[in-house]
Amino acid sequence: MRVEVTTFAPLSPASNTSAVKYTTFSPVDYVVFILLLVLSLAIGLYHACHGWGRHTIDQLQMADRKMGCLPVALSLLATFQSAVAILGVPSEIYRFGTQYWFLGCSYFLGLLIPAHIFIPVFYRLHLTSAYEYLELRFNKAVRVCGTITFILQMVIYMGVVLYAPSLALNAVTGFDIWLSVLTLGIVCTVYTALGGLKAVIWTDVFQTLVMFLGQLAVIIVGSAKVGGLERVWDVASQHGLISGIELDPDPFVRHTFWTLAFGGVFMMLSLYGVNQAQVQRYLSSRTEKAAVLSCYAVFPCQQLVLCMSCLIGLVMFAYYKEYPMSAQQSAAAPDQFVLYFVMDLLRGLPGLPGLFVACLFSGSLSTISSAFNSLATVTMEDLVRPWFPQFSEARATRLSRILACSYGLLCLGMAYISSRMGPVLQAAISIFGMVGGPLLGLFCLGMFFPCANPAGAVVGLLAGLIMAFWIGIGSIVTRMVSVVAPPLLNGSHFSPPSNLSTMAMTTPMPLTSLSRPTGLQRLYSLSYLWYSAHNSTTVIVVGLLVSFLTGGMRGRTLDPRTIYPVLPRLLALLPVSWQKRLHCKSHSQDFFGDPTGLPEKMSNGMLKGIRDKEAVAEPEEDPINPGSSPTFVVQETSL
């Protein structure tokens with residue numbers, strides 16, 4: 001028995017609207033899909049019920065800091081491998097060729113730098129929220145600014161990442177939009193609120209495996225139907241889909257090698273270096289070494305995910321060269337191409353369409369649950385506890401669960417707002433990417449520049465956000481005016497200028513413009529992969545300028561644990577004779593100031609965590625500054 005579903009694809013104004021019949025889900029497909037939801041919920045409830053009544057706030061937010069390397073790595077991968085990435089990347093390859101594949105070059109530095117700079121600094125400070133770092137380095141006002149910026153970023157993103165895949169799925173398979181939205185929202189809210197970070201990480205592991213299986217099934221079946229992967233590659237080569245290395249340094253060209261390989265590094269740093277959803281996973285590792293290894297383990301996984309997504313795009317291209325798509329399919333929005341392809345390809349194989357839809361929903365589940373958990377954590381640690389330090393453990397645990405549930409309801413509300421926004425939804429998704437760069441710049445300003453002060457941090461962050469919104473919104477408005485494209489019935493047919501959404505939401509916009517932009521329009525055509533670099537640099541430059549004008553750190557206490565020693569690290573790479581000539585010891589002393597100083601406002605819990613860390617770690621002698629105290633060693637990292 002099979003179910004016949006009649007659906008309507010979005011059509012261009014010139015097309016005639018007509019119903020298209022698709023044979024979609026069999027009972028086996030429904031069983032596979034429902035099994036995904038049930039198992040995800042079961043994993044979450046297991047960790048919720050295990051030790052119920054004895055949960056502490058640290059267990060709920062940080063998984064008791066006892067997670068192993070592999071589950072953390074798979075959770076890091078799943079957090080931003082959302083459903084729209086599974087739909088968007090193959091569509092990008094199908095339409096524009098394999099140039100996007102060079103984004104994989106950025107993964108090396110984009111993961112190596114967090115592993116050896118950000119993770120050691122955050123881990124040795126024994127943080128719970130990444131924004132605690134901002135208070136230790138600057139003051140409470142900077143911490144609150146960073147937290148509020150992050151909350152706005154994630155709240156906007158949650159509604160979009162929940163609604164957009166459900167809408168695409170409805171257009172192709174006939175799934176009821178609000179049934180899928182409610183199902184995803186409720187399942188995520190339940191297991192995230194009750195099970196905490198440990199439940200989120202282990203469900204991420206399961207959902208990552210489902211994503212791999214779903215994509216692998218499409219590649220195997222699709223390549224078999226067109227004559228194998230060699231045939232797929234030949235067809236793509238014959239039609240110019242296999243891109244060479246484009247070395248054009250112009251930052252206004254959408255995709256070049258430099259844009260993808262180096263602009264992508266800043267995108268990766270904002271994702272894996274300073275985003276709370278990822279930092280929280282690093283800090284849940286049982287040791288610092290496990291946290292670093294988990295970051296290393298993400299590298300081959302990210303490469304594999306990128307390769308699979310790109311291969312699906314190539315297989316889809318070869319398939320439609322042999323079996324041309326209908327007029328309705330070709331007129332559909334690009335983020336629906338993959339779903340149409342999968343339903344065409346797998347319609348005669350019961351269970352596989354359900355597996356791919358499960359793969360799609362796994363991406364949404366992992367992303368949304370991570371957002372709920374990180375939002376509840378930063379709200380509790382940055383906005384509630386500093387003002388109500390007397391909260392008991394039981395009360396704090398209960399409030400943390402309430403916050404996760406509240407963000408779940410807010411996510412459903414944002415999904416509804418997204419459905420009413422129409423074309424304005426483009427701006428809503430873009431806002432997510434506009435915020436990541438300034439936050440990266442704020443952390444880099446504090447970590448690499450000891451002279452930066454709180455005034456410079458606040459003004460720099462505001463300048464970065466203003467620059468990001470100016471260019472981002474200007475780009476959207478310019479495109480709306482100048483780009484000739486079909487109506488955006490699904491609200492996600494565009495290329496978001498983002499760091500996070502580059503991976504998570506790439507559904508690019510047609511490049512047909514009326515004329516080559518000039519003046520301000522030229523600035524608005526800056527490649528979206530340079531946005532993060534441009535905005536973070538703005539924060540650093542403005543922050544340093546304001547800091548110098550306001551006296552730097554004179555009269556303020558600087559905790560050396562919050563600074564990464566860039567200059568001494570670079571000097572350590574020189575021969576010993578050169579180091580003596582350059583007086584490296586005095587350089588390091590000037591760079592850090594008094595290594596024994598501690599910030600007066602450091603919380604007792606934070607200070608205890610650092611001292612505990614010092615107690616179990618053997619003091620190491622600094623090769624650049626022999627004889628320095630153990631407190632100086634805590635902030636050391638090794639490249």
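Using the three backbone atoms N, Cα and C, a Cβ is placed for every residue, glycine included.
Remember, TrEMBL labels are computer predictions, not curated facts.
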Self-check item: Range annotated as region 'Disordered' - as stated in TrEMBL, picked from 584-611, 612-639
Solution: 612-639
Exercise. Rank 69-89, 144-165, 256-274 by Cβ pairs under 8 Å to the transmembrane segment (295-320) and hand me the top one.
Key: 69-89
Quiz prompt | For the transmembrane segment (101-123), sequence-distant contacts whose Cβ falls under 8 Å of one of its Cβ atoms, 6 or more beyond its ends | solution = 93, 130, 133, 243, 245, 255, 257, 260-265, 267-269, 271-274, 279, 282-283, 285, 288, 291-292, 295-296, 298-299, 302-303, 306-307, 310, 443, 447, 502, 561-562, 564, 635-639
Quiz item: Hey, which of 256-274, 355-378, 399-418 has the most Cβ-Cβ pairs under 8 Å against the transmembrane segment (209-227)?
Solution: 355-378
Self-check item: Criterion met for the transmembrane segment (177-197) and the transmembrane segment (256-274) (at least three Cβ pairs under 8 Å)
Solution: no
Practice problem: Determine whether the transmembrane segment (456-477) and the transmembrane segment (144-165) share at least three Cβ pairs under 8 Å, counting only pairs 6 or more apart in sequence. | Solution: yes
Self-check item: the transmembrane segment (256-274) versus listed stretches 69-89, 399-418, 528-551: most Cβ pairs under 8 Å
Solution: 528-551
Exercise. Rank 144-165, 355-378, 399-418, 528-551 by Cβ pairs under 8 Å to the transmembrane segment (69-89) and hand me the top one.
Key: 355-378
Quiz prompt | Ranked first among 144-165, 355-378, 528-551 for CB pairs under 8 angstroms with the transmembrane segment (399-418) | solution = 144-165
